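A.B. asks: Could you have a look at this structure, given as C-alpha cells, before my questions?
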Amino acid sequence: MKTTTCSLLICISLLQLMVPVNTDETIEIIVENKVKELLANPANYPSTVTKTLSCTSVKTMNRWASCPAGMTATGCACGFACGSWEIQSGDTCNCLCLLVDWTTARCCQLS
C-alpha cells in the first residue's frame, strides 16, 4: 500500500511538471517587447539626457598637470615612458617617476 501511494504521488508530481506553462509573459519577453516598442517609436520617448561631455588635454613640462576650473581629470600621461601616475584632488595629475619631462592631464566636464 505504501509503495502504491508513493508511486501515485510521484506520478502526479511528474504530470504537473509536464503541464504546459504560459511563457508569453516571462520577464524576458516583456523586456524584449518594450525594447522593440521603444526602437519602433523613438519620437514617443524623448531622451532624458541633455548633458554633453566635453574634454581637453592640458600639458605641462614638469611632473604636475592641473585641469581648468570645473573639469575633472580622467587620465594622465607622463614623459620618459613613465607609466606610474595618480590623480590628486580629482583635477590634478601627478607623475610618480623620478625623471619626467612632461605631464598631460585629460580633463572632462559634463555640461
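Heads up, the Cβ atoms here are built off N, Cα and C, so glycines get one too.
Reproduced below are the annotations present in Swiss-Prot:
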- 1-23: signal peptide (SIGNAL)
- C55-C108: disulfide bond (DISULFID)
- C67-C107: disulfide bond (DISULFID)
- C76-C93: disulfide bond (DISULFID)
- C78-C95: disulfide bond (DISULFID)
- C82-C97: disulfide bond (DISULFID)
A.B. asks: Which residues in the same chain, at least 6 apart in sequence, have a Cβ under 8 Å from the Cβ of C93 (disulfide bond)?
C.D. replies: W64, A65, S66, A73, C76, W85, E86, I87, T103, T104, A105
A.B. asks: Going by Cα-Cα distance, pick out whichever of the disulfide-bonded residues C67, C78, C82, C107 is nearest to C55 (disulfide bond).
C.D. replies: C107
A.B. asks: On a count of neighbouring CB atoms within 10 A, which of the disulfide-bonded residues C55, C82, C97, C107, C108 is highest?
C.D. replies: C107
A.B. asks: Please identify, among the disulfide-bonded residues C67, C78, C82, C95, C97, the one with the smallest Cα-Cα distance to C108 (disulfide bond).
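C.D. replies: Out of the listed candidates, the nearest Cα belongs to C67.
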A.B. asks: If I take the Cα of C95 (disulfide bond) as reference, which of the disulfide-bonded residues C67, C82, C107 has the closest Cα?
C.D. replies: C82
A.B. asks: For C67 (disulfide bond), list the number of other Cβ atoms lying within 10 Å of its Cβ atom.
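C.D. replies: Step by step: centre on the Cβ of C67 (disulfide bond), count other Cβ atoms within 10 Å, giving 24.
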A.B. asks: Calculate the distance in Å between the alpha carbons (Cα) of C67 (disulfide bond) and C97 (disulfide bond), and round it to a whole number.
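C.D. replies: On Cα coordinates alone, these residues lie 20 Å apart.
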